[in-house]
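S.K.: Found this in TrEMBL, in case it helps:
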TRANSMEM  6-25  transmembrane segment
TRANSMEM  37-66  transmembrane segment
TRANSMEM  72-90  transmembrane segment
TRANSMEM  111-133  transmembrane segment
TRANSMEM  139-159  transmembrane segment
TRANSMEM  179-197  transmembrane segment
């Protein structure tokens, strides 16, 4: 079992660090609201990823893969929600200062973004399929996978959010903010494309 932990950790890093919906949302939140005001969103995003990995290890993944209509419904719901978030990012302007932190995204927004994100489902199902030999006990497997992903997801989201905050210091005009918002919204939309190519 210990010999599989390092490959699992590497798998988690590659899957989590690569640009995708959750990382774009973390970056956008850091850009608009700063790290402290983004913590609720980051907690929702992180718990969403970890909980899906745990649930997949406990058998929920079987239901999703066994019923094709579930996969299509998940993709459609995820696409709709992510497009809605992209439009919100695109339409947002330059932050209005400290009061704008009150409009920061919530824990529930982060949780739903992860749960409705087919990339996170693929990540969870791939982790279970690839590393199920770690333990024959689904509860032990869920605990190990959940722990490894928690160790990777938390610093990753903090890093992407901090990068957004650093970007904010360079955005000095309304035009800069429009370009940044357009780029982040476009990245979010582009992250949807692979959902339908699988």
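The backbone N, Cα and C atoms fix where each Cβ goes, and this holds for glycine too.
TrEMBL: automatically predicted annotations, no manual curation.
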S.K.: Under an 8 Å Cβ to Cβ limit, what residues of the same chain, 6 or more beyond the ends of the transmembrane segment (6-25), are close to it?
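M.R.: That would be 41, 45, 48-49, 82, 85, 105, 110, 113-114, 117, 119-120, 123, 126-127, 130-131, 134, 144-145, 148-149, 151-153, 156-157, 160, 184, 187-188, 191-192.
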S.K.: Among 37-66, 72-90, 139-159, which stretch has the highest count of C-beta pairs below 8 Å with the transmembrane segment (179-197)?
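M.R.: Out of the listed stretches, 72-90 contacts the transmembrane segment (179-197) most.
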